[in-house]
Amino acid sequence: MPEVIPPDSVGIVTPQVAQFDIPLTLECGKQLNSFQLMYETYGELNADRSNAVLICHALSGHHHAAGYHSMEDSKPGWWDSCIGPGKPIDTNKFFVVSLNNLGGCAGSTGPASINPETGKAYGPDFPVVTVQDWVRSQAMLADRLNIPHWAAVIGGSLGGMQALQWSIEYPERVHNAAVIASTPRLSAQNIAFNEVARKAITSDPNFYEGRYGEHTTYPDKGLMLARMVGHITYLSNASMGEKFGRDLRAQTLKFGLLDVQFEVESYLHYQGERFSKNFDANTYLLMTRALDYFDPARAHEGDLSKALEPAKCKYLVVSFTTDWRFPPDRSEELVNAMVEAKKSVSYAEVDSPHGHDAFLIPTQRYMDVFHGFMGRVAKEIPHAR
């Protein structure tokens, strides 16, 4: 917990809830008659409502992107390094909105929420949601907040997919989009990793076909394993080697098959156990499926440049050299399609040892690129503060 709030922090923030009692038809064909979105805001909306920035979260993210909920918090929001006074997403200049996506488990309507039609948790009956569904629900939130357009829509990983979808779906409402450590569609390898994670969850004897709540159980072992698999893909070989190497927890080998002996094993167990206590298993299944399904080029016979034709915004695309989940060549594929579609795009491949997680870590080169882009965004705002 902080003894004092740092001067470059947004400070103490209070989550808010937007309730929608109008139907939302989803891409799967099903409909939610009502739903709520949990969100936070940082900074002040200017008089002509032109300085709003939307933050889109990744797979396990949520609305709490910056600041603290109380002085007892052990750490700030998940992207606090980039949001706040003087930071790339400068809250002295921008009004920032961050939300928990539909289907999430941090306050927005999702599988753990009560289905008003049954009085029980949705569980596996919660409909499949896609990136397109998220963007449409985010547009409803923008309407509720009376935000006609975004100065920028920004996201890393799965969040970058949402930023890209925003630029295609609502071209008149997005002036700039930052697509960081992301991809225009998953590779077969990435889909395979997601399937292994889902299988780990659904194979847990406490899963009960997603109705674990009705059995007062929880598939924590399966979710722990899913997170361990996922976490490996977020790190680079170099960062794991530097942090753990082949270090042992004890001085000597135990020659046991079931003992946790290496430091890297211990770390993965810790990450998996912590995650399994704070995330909903059905939400994890939903989020990985949304990742799998995202492919804006599919409706255009695989031609990504045609999918991008409606977009009118300026893009920033950032990749990281050691990201093997969404490697630089996937960002380059996106950039090439943007160029072919005659879009305005800036691209940076940042040298970082941190793998896919590099988009969360404020290395100097990354921050320089991010600051430069957001500085240009700020200059476009009329009467920018």
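Backbone N, Cα and C atoms are what each Cβ position is placed from, and that goes for glycine too.
The annotation domain 'AB hydrolase-1' is assigned in Swiss-Prot to 51-360. The active site, nucleophile annotation in Swiss-Prot covers SER157, and the record cites sequence analysis as its basis. Taken from Swiss-Prot, the feature substrate binding site covers ARG227, ASP357, and the record attributes it to sequence analysis. Swiss-Prot lists ASP323, HIS356 with the feature active site, giving sequence analysis as the kind of evidence. Summarising the annotation, Swiss-Prot assigns site 'Important for acyl-CoA specificity' to ARG325.
As a whole-number mean, the pLDDT of the domain 'AB hydrolase-1' (51-360) in this prediction is 96.
For the pair ASP357 (substrate binding site) and ARG325 (site 'Important for acyl-CoA specificity'), the Cα-Cα distance reads 10 Å.
Residue environment of ARG227 (substrate binding site) contains 23 other Cβ atoms, counted within 10 Å of its Cβ in all protein chains. Straight-line distance linking the Cα atoms of ASP323 (active site) and HIS356 (active site), rounded to a whole number, equals 4 Å. Non-local neighbourhood of ARG325 (site 'Important for acyl-CoA specificity'): SER157, ASN190, THR233, TYR234, GLY355, HIS356, each in the same chain, at least six residues away, with C-beta under 8 Å from its C-beta. For HIS356 (active site), the count of additional Cβ atoms within 10 Å of its Cβ stands at 24 [all protein chains shown].
The number of other Cβ atoms within 10 Å of the Cβ belonging to ASP323 (active site), over all protein chains shown, comes to 28. Listed recorded positions: SER157, ASP357. The one with the lowest count of other Cβ atoms within 10 Å of its Cβ is ASP357. In the three-state DSSP scheme, ARG227 (substrate binding site) is classed as helix.
Under DSSP, HIS356 (active site) is assigned to a helix (H, G or I) in the three-state scheme.
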